[in-house]
Amino acid sequence: MSTPALLVLADGSVFHGTSIGYEGSTSGEVVFNTSMTGYQEILTDPSYCKQIVTLTYPHIGNTGTNAEDEESRSVYAAGLIIRDLPLLHSNFRASESLHDYLVRNKTVAIADIDTRRLTTLLREKGAQGGAILTGADATIEKAQELIAAFGSMVGKDLAKEVSCTETYEWTEGEWALGKGFVTPDEQPYHVVAYDFGVKTNILRMLASRGCRLTVVPAQTSAQDVLALNPDGVFLSNGPGDPEPCTYAIEAVQKLMESGKPIFGICLGHQLISLAIGAKTLKMRFSHHGANHPVQDLDSGKVVITSQNHGFAVDADTLPANARITHKSLFDNTLQGIELTDKPVFCFQGHPEASPGPQDVGYLFDKFIGNMKAAKRA
């Protein structure tokens, strides 16, 4: 017999459905993601910490789960909302059903609700707090208490919550059919990567391009990073509000003074922007999906990108030495900048995809080019 589940939003909206995961309760910011596939990568993306993810594609779980598609060491999404969980899963790589995976990772999830109605509501009113409760004793009143306790994503420094606690080395490259994860024979570039919630495919794409990575915790000082003598510094994606991450902003400012090539993605993009004096703002309509068109202003090309952020950089606050390189064609929000006087650039979306297209994978090549030029100088 199925277990009932309840989804309640901060605006008072109520959805009744079925529990498909761990029995219990959870709260967070409710967002929607338009990706058709990649649910396991989404669940394990640390950028979804404290967020309950609604997947707009109706059938989720068809291909099961496997150990190779993990983007971090655990599930970070606060909860999952879907329309329908198939009775069977089928894929040659599958080792576990989505239901069993959710239970094992203690992830609360709800199905059999009208996700079209929910998505429309979130699109019109914006992302908001919500709670999922399972079991016959779940009540709207209890959900409202959880929502009130959660509050808002504004002001939440989550990067240091999801970051590694110890420095570690990474050399593993991208996955290949029949070979698994391949480590390149030569890795001539040493990159220090800040872990603000880094996805493993970012590390793999850098490693496949010849980078030996030293991954450091979010609160590592610039002095400690420079002592490692890197060829370049990478600033990762991550969850939460970038403004409270003052430790990271100060470190980025000092690293930029060193002249080292720096590349930032997602939260890393926002931290670079804050470090040069720009401002960030909470988006009413956050970007979550694998089909977002972005224009590369240098080439004029339109690239399809994977996106996952609820904060954005205010383009009107950029200093004179910051050149805009990319913009969203959905809402014209800032997607990328490059400094004109330092080898520093960043991108709001996710070039590594996982899930999604890798149209902007060339940004990793640009970072390699900057390090190569710096080594020749």
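Yeah, the Cβs are placed from backbone N, Cα and C, and that goes for glycine too.
From a predicted model like this one, the values you see are computed outputs, not experimental measurements.
Annotation comment: Swiss-Prot describes 1-186 as region 'CPSase'.
Annotation comment: Swiss-Prot describes SER47, GLY238, GLY240, LEU267, GLN270, ASN308, GLY310, PHE311 as L-glutamine binding site, evidence class sequence analysis. In the structure as shown, the Cβ atom of GLY310 (L-glutamine binding site) sits within 10 Å of 22 other Cβ atoms.
Residues annotated as domain 'Glutamine amidotransferase type-1' in Swiss-Prot: 190-377.
The active site, nucleophile annotation in Swiss-Prot covers CYS266 and is backed by sequence analysis. There are 30 other CB atoms within 10 A of the CB of CYS266 (active site, nucleophile), with all protein chains counted. In the three-state DSSP classification, CYS266 (active site, nucleophile) falls within coil.
If you look up Swiss-Prot, you'll see HIS350 (among others) marked as active site. In this structure, HIS350 (active site) is part of a beta strand by DSSP. Taking the Cβ of HIS350 (active site) as centre and 10 Å as the limit, one finds 27 other Cβ atoms among all the protein chains shown.
Here Swiss-Prot flags GLU352 (among others) as active site, drawing on sequence analysis. Neighbour density for GLU352 (active site): within 10 A of its CB lie 25 other CB atoms from the protein chains shown.
Sequence-distant neighbours of PHE311 (L-glutamine binding site): residues of the same chain at least 6 apart with a C-beta under 8 Å from its C-beta are ASP241, PRO242, GLN270, THR280, LEU281, LYS282, MET283. The binding-site residues listed here are GLY238, GLY240; among them, GLY238 has the most other Cβ atoms within 10 Å of its own Cβ.
Using a 10 Å Cβ-Cβ cutoff, GLN270 (L-glutamine binding site) registers 30 neighbours.
Closest by Cα distance to HIS350 (active site), from the binding-site residues SER47, GLY238, GLY240, ASN308, GLY310, is ASN308.
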